[in-house]
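**Q** First the structure, which I've put down as structure tokens, then a few questions once you've had a look.
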Amino acid sequence: MYSAKNRFVQSVQRLQDFRNMYDYEARLATFADWPFTENCKCTPENMAKAGFVHCPTENEPDVACCFFCLKELEGWEPDDDPWNEHSKRSVNCGFLSLTKCVNDLTMEGFLRLEGDRIKSFYRKFSTVVLQYVEEEMTAATKRLLEYFSNQHQCSIDLDH
């Protein structure tokens, strides 16, 4: 089982990795081992256009995650439409509400969008962050108690 620290580190790494996923080609490149490639709606191209990144696990080879809202979907069927599945399960995703290409946004528009992406991350992973902080505080408290109990031990000689 992963500790809160491991989950926290993985979460932050995902946030950093996904900052490059505004680019369609970068998202598409993650689908090299995607199980659905032709004669279906959920092709790598359609998945990437809908904002998804391929995030397979050992047990689930078809896990896809939106780089923006971090919604993970698995159990894809050939007739599943990535846009429809995404919008049904993440109605407030900022990527889905874009009306123009990210490259056409003003700097202010892009920064606002990126701020929304980071807010999505913190909403999703706030419990992981809190668990990590609690574990660290517990460990620090234990170390302090051990330190002070060792430094201030009294020995009483009962023979004298």
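The backbone N, Cα and C atoms fix where each Cβ goes, and this holds for glycine too.
Pasting the relevant annotations from Swiss-Prot:
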type: REPEAT; residues: 13-83; note: repeat 'BIR'
type: MOD_RES; residues: Thr43; note: phosphothreonine
type: BINDING; residues: Cys66, Cys69, His86, Cys93; note: Zn(2+) binding site
**Q** For the repeat 'BIR' (13-83), provide the mean pLDDT of the predicted model.
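**A** Averaged over the repeat 'BIR' (13-83), per-residue pLDDT gives 92.
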**Q** In this structure, which of the recorded positions Thr43, Cys66, Cys69, His86, Cys93 has the fewest other Cβ atoms within 10 Å of its Cβ?
**A** Thr43
